[in-house]
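Take a look at the structure set out below.
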Amino acid sequence: MLLSPEQFSRLSEYAAYSRRKLKDMLSDFQQDGKFYSYLSVDGQTINIDGFRAFLIDYFGADLPSDLVDQLFLSFSKPPIKERRTSLFEDAISTVRAKFSESLSGRMAGLNIAGGSGQQTDRSQSSEPQALVCIPEDDVMGPRVANNDSQEPRIPLKPLICTLSLLEADTPENKLDVVFHVYDSDGNGFLDKSEIDGIIEQMMNVARYQQWDTIELEQVIRQMMVDIDYDNDGIVSFDEWRRGGLTNIPLLVLLGFDTEMKEDGSHVWRLRHFTKPTYCNACCSILVGWGGKQGLSCSLCKYTVHERCVRSAATNCIRTYSSRQQDKLYHHWQDANATAKCVKCKATVGVFQGKGCRWCHNYVHHRCMSALAQECDLGALVHHILPPTHIFPAFLERKTSTSLKNHNFSSHSASLLQAVSPSNDCRPLLVLVNPKSGGKQGVKILQKFEYLLNPRQVYDLSKTGPEPGLQLFSTLKNCNILVCGGDGTIGWVLESMDKMTFPHGRPPVAVLPLGTGNDLARCLRWGGGYENENLHKILEQIEKSSLIDMDRWQIKIEITENKSARRASEKGDTPPYSIINNYFSIGVDASIAHRFHVMREKFPEKFNSRMRNKLWYFELGTSETLSSSCKNLHEQIDILCDGESIDLGQDASLEGIALLNIPSIYGGSNLWGRSRKSKGRMPGLFPMKNAEKMQLQTRVQDIGDGLIELVGLESAMQMGQIKAGVRGARRLSQCSTVVIQTHKSFPMQIDGEPWMQPPCIIQITHKNQAKMLVAAAPRKRSSWMLLKRQSTNDDN
């Protein structure tokens, strides 16, 4: 069995939306479970109907039939035969075979222990054994199901283990799942055939991730032999957990996430290098043929071969101080690649100098005496929280803030306290949502962990924003960088509302990773991250300015009795109680709601910004033809600052929107540009027309305590607004809004849609959040361009 990289990627996208835990679902395969009827008599295989029902229950969505069929076929196939190899590859295979023979003596001892007295034909055979997850007859032979039908079936073990790789769980729990799944006889031990299944699973992971597997198989086999600590030929559960948690390659190859457990311990990830790089342990070059070439620490870039990881020095950075100290010294490591010397500016050859993890400077061995021992943190000193300013909370320190009034969570960050640097630095708290922007979030997380102190960088999908906010709450001067979409920003701001900041609420900058990124656009951070250099983004944060942004409280009260409501008008739960960007009812929310439903059902079709925009265009076209929200004024009443708004005046509306920022739908300005105010003769125009003219001159400001109300005529008008040729109809600018709906309407808050039954909506001002605005880009005048052109021509 082997999934293609595309199938594995599609499964990963669905897993991001799953709410179930695989470990909890294993009980459903027991005799009283809902999936038991789909199993074969021996409980080892499952039919296509059970496979489909299990996937729907696990992912919480109907997977496309083509994907289900492809997955079922992949799991039912035996291992794919290798392609015809070249002479060079044949030579390598010969070397691997000889190396395998040297290990055959130790591997022969891995068979079933005396108690059971049963062995499979495969374990007794002297022929080379195929690396499959279960015995070959279980995969290829026909199964007699509970209903005595002859139908295609797939082995259950590879399915469970493959899905376990997609879950965000602790290594301990994942190791438990793998052990119990492959312990087919349930005796608490892994015999040779069961270990072969685990090895094949690890090789599959290597193929999914397109790693270099030339020498990987022998490394894995040697590793599995070493886990058998008592050399009795079988691996117990205790040996499995002990070996799994202490052998980093095993965790990586099983697809498990490695966490930063103790200071000084490396956090490994497999990596491919674009330039010649050498192993820090054996000092030989890392060689690979297009695949991953070695294990590299995400925190300090210490790099080794897979086979050398056990001999790697435990010399990673210390992210906090276990005792009171004020000076930070360089953290030197041997230069395993070429770089420039910070002193003499000459090239530092491989292992001819050292590099500091904190200031990222390299220096020759001969130049080290001329360099100060104390580290100044280099070019990023403004953003780094030094480890000397993070220490255990129980340590008393004169410069620290009292902890008596702080309620710490159970997270490890609650055991640490941070103090502000004495200089003018503003340490940066980085909160990353790895689910935003495809794979961009994961890469940004790893890069920031290396550029800054890893204690400053948090994965929101694992910890949420609270641990990082709690650690930084005691700092006098700090900034926050949210890497994600508009929903991620709202999540962080709402978490900040629940906390106390003794020195004032820190300002927030945005690195846009979402689809619309409207808040990032109006704060000049751009419409999306385009792989810019993170050093430049940190420079922009350092030069940014402060602004206050209004935030609005929304309360929704259902007016109709739930029992009297029709089944077709069943509503959803509102996603937020606070408006940061906008709130809308009608045509635009209808398109967004249909987009949201489609994305949850087929997430693999929404994996890029361009494809998302095309889907919006298609759904907008269908909404134009259907006009599902026409005659909106007949079903909605609105009061702005106590005055009723006539929605039926002039053209009929199909939607309304309340705007807090001047960007919506990925950069559209619904309020539009304001006209210049002109004087008029008193009494020349009626009062209503005068108020309408005055409304056209009002300017939108995100910090004026006012929210703007506009009307949308149709989906076609939304396209015209997006093109910049037209604006929405201005209705009001006010500080309080009350809306009553008389039927179910699609609604959305900050891009998160839902279907809302008849209700009364109250919107009031909540507070203001401090945000960072990027500096306006410099405009090059035509004179400067002409001058530069003439200068170049002269040269």
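Keep in mind that glycine also has a Cβ here, set from the backbone N, Cα and C atoms.
Sequence annotations record features per position, and here Swiss-Prot assigns Ca(2+) 1 binding site to Asp183, Asp185, Asn187, Glu194 based on sequence analysis. The Ca(2+) 2 binding site annotation in Swiss-Prot covers Asp228, Asp230, Asp232, Glu239 and is backed by sequence analysis. Feature annotation from Swiss-Prot assigns domain 'EF-hand 1' to 170-205. Feature annotation from Swiss-Prot assigns domain 'EF-hand 2' to 215-250. Feature annotation from Swiss-Prot assigns domain 'DAGKc' to 423-558. Per Swiss-Prot, zinc finger is recorded for 265-316, 329-375.
The binding-site residues in question are Glu194, Asp228, Asp232, and the one with the fewest Cβ neighbours inside 10 Å is Asp232. Of all the binding-site residues listed (Asp185, Glu239), Glu239 sits in the most crowded Cβ setting, with the most other Cβ atoms within 10 Å.
Over the domain 'EF-hand 2' (215-250) the predicted model carries a mean pLDDT of 76. For the Ca(2+) 2 site, the Cβ centre of Asp228, Asp230, Asp232, Glu239 serves as reference, and the other residues of the chain with Cβ at most 8 Å from it are Ile227, Tyr229, Asn231, Gly233, Ile234, Val235, Ser236. The binding-site residues Asp183, Asn187, Asp230 differ in how many other CB atoms lie within 10 Å of their CB, and the one with the most is Asp183. It is 18 Å from the Cα atom of Asp230 (Ca(2+) 2 binding site) to that of Asn187 (Ca(2+) 1 binding site). Separating the Cα atoms of Asp183 (Ca(2+) 1 binding site) and Asp232 (Ca(2+) 2 binding site) is a whole-number distance of 17 Å. For Asp185 (Ca(2+) 1 binding site) paired with Asp232 (Ca(2+) 2 binding site), the C-alpha to C-alpha distance reads 18 Å. Listed in sequence order, the residues Tyr182, Ser184, Gly186, Gly188, Phe189, Leu190, Asp191 complete the 8 Å Cβ shell around the Ca(2+) 1 site centroid, once Asp183, Asp185, Asn187, Glu194 themselves are left out. For the zinc finger (329-375), the number of residues in each DSSP class (helix H, G, I; strand E, B; coil) is 3 helix, 17 strand, 27 coil. Taking the Cα atom of each, Glu194 (Ca(2+) 1 binding site) and Asp228 (Ca(2+) 2 binding site) are about 14 angstrom apart.
Between the alpha carbons (Cα) of Asp228 (Ca(2+) 2 binding site) and Asn187 (Ca(2+) 1 binding site) lies a span of roughly 16 Å. When secondary structure is read from DSSP and collapsed to three states, Asn187 (Ca(2+) 1 binding site) falls in the coil class. According to DSSP, Asp230 (Ca(2+) 2 binding site) sits in a coil region rather than a helix or strand.
A separation of roughly 15 Å, to the nearest angstrom, links the Cα atoms of Asp232 (Ca(2+) 2 binding site) and Asn187 (Ca(2+) 1 binding site).
Between the CA atoms of Asn187 (Ca(2+) 1 binding site) and Glu239 (Ca(2+) 2 binding site) there is a gap of 14 Å.
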